[in-house]
Amino acid sequence: MTQEDSSRGLTSVGRVDFTNRFADRYNEWLGTTGDETKQVEDRVETDSGLPGHDIYGFENEIKSLQHFLLDQKSYKLFKSLVVVGEYGVGKTALCQQIFNDYDVRNAYAPRIWVSMHSNESKEGLDGKICVLKTILKGLGVEESMFESIHREVVEEVSNRQEAGEIDGETAKEKEISALLYALHLNLRWKKYLIVFDDVQEIDNWDEKLDAKLNEGEKWGKYLSDGFPKGSGGRVIYTTRDENLAKNLVVQKHEIHRLWPLSDSNSVWKIYEAMIQKREKESPRNDKKCIDELMNKSRGLPLAARLLAELDPMLFDDGKANQNGSKDGKTDSVDNPNSEESKTKPL
């Protein structure tokens, strides 16, 4: 997962495609309720860089995550937390903000950002193996080590089969166990912070990392074995899936729900900042315009920003009439599938 700023997590081409996909789904999105989690088949690769936009309305959420990471009363304990919320609510941006917080950077080493979606081909690879390799790469482990582990595992399984020995472990399970051991050694005695962004069911990453090994169980069977305890390690997940979130942590209070913004002024600031970034004239910010934006975006920061990127909203009735639109809205908003919407540059 690259640490470089590629338009803050998206390449320029990716942003164009992403904005077009947003336009294609906009009418459908407006019809969903606030309680629904929008599951989109398209995912994007993210990185640890600061979001390329200001964050508004999440002051309390930022303080809550700072407390989770910097609480001196639980300095040595391993703790995990899930940020769960619907598509576009700002989970990734919130975690990027806290990941780069000055005090957090000074308190944790190493800090590793894992985008659960990768643009690299994973065809035929196990989800757990891919994630473990990503973490280990962030710790400086080279590809040659992974090749060596895989080669030794395949050879061991082959030799056992030829000798008629069966130990109940598949080659994949042995490889995962070896990677967990390597991870444990690299994280041992370190106060680490790992963020798993956009965890979904298909990733096959659905175990509690603070689970303890039961008596008689073999080490390396569970993901938790790879994450040392006792040095103050922290893990943060983001996910859209409420049920998956419950599988990732032990206690309910370890689930942090991120809701759409209820403060219409914060939503307007998000929209206005994007308009100004694109050097466009801001619409008047009277109550009618703010309420209309709140209704269209449903309080979702991503929706507010992309509405501005799609060059959609002319709230001024006079300007709207000059452009031949109705009720102060342009055709590109009423029909975001229009060619005008799809060809807007970013």
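Positions of Cβ are set from backbone N, Cα and C atoms, glycine also.
Now, the feature entries from Swiss-Prot:
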| type | residues | note |
| --- | --- | --- |
| BINDING | GLY85, GLU86, TYR87, GLY88, VAL89, GLY90, LYS91, THR92 | ATP binding site |
| DOMAIN | 38-116 | domain 'NB-ARC' |
| REGION | 315-346 | region 'Disordered' |
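Comparing local CB density within 10 A for the binding-site residues GLY85, GLY88, GLY90, the maximum falls on GLY90.
Other residues of the same chain near the ATP site, with their Cβ within 8 Å of the Cβ centroid of GLY85, GLU86, TYR87, GLY88, VAL89, GLY90, LYS91, THR92, are THR238, ARG240, LEU258, LEU300, PRO301, LEU302. Same-chain residues at least 6 positions away in sequence with a Cβ under 8 Å from that of LYS91 (ATP binding site) are, in sequence order, VAL83, VAL84, GLY85, ASP197, ASP198, THR238, THR239, LEU258. Confidence for the domain 'NB-ARC' (38-116), expressed as mean pLDDT, is 92.
Residue counts for the domain 'NB-ARC' (38-116) under DSSP, helix first, then strand, then coil, are 30 helix, 12 strand, 37 coil.
Sorting the binding-site residues TYR87, VAL89 by the number of other Cβ atoms within 10 Å puts VAL89 first.
Around the Cβ of GLU86 (ATP binding site), a 10 Å sphere holds 22 further Cβ atoms from the protein chains shown.
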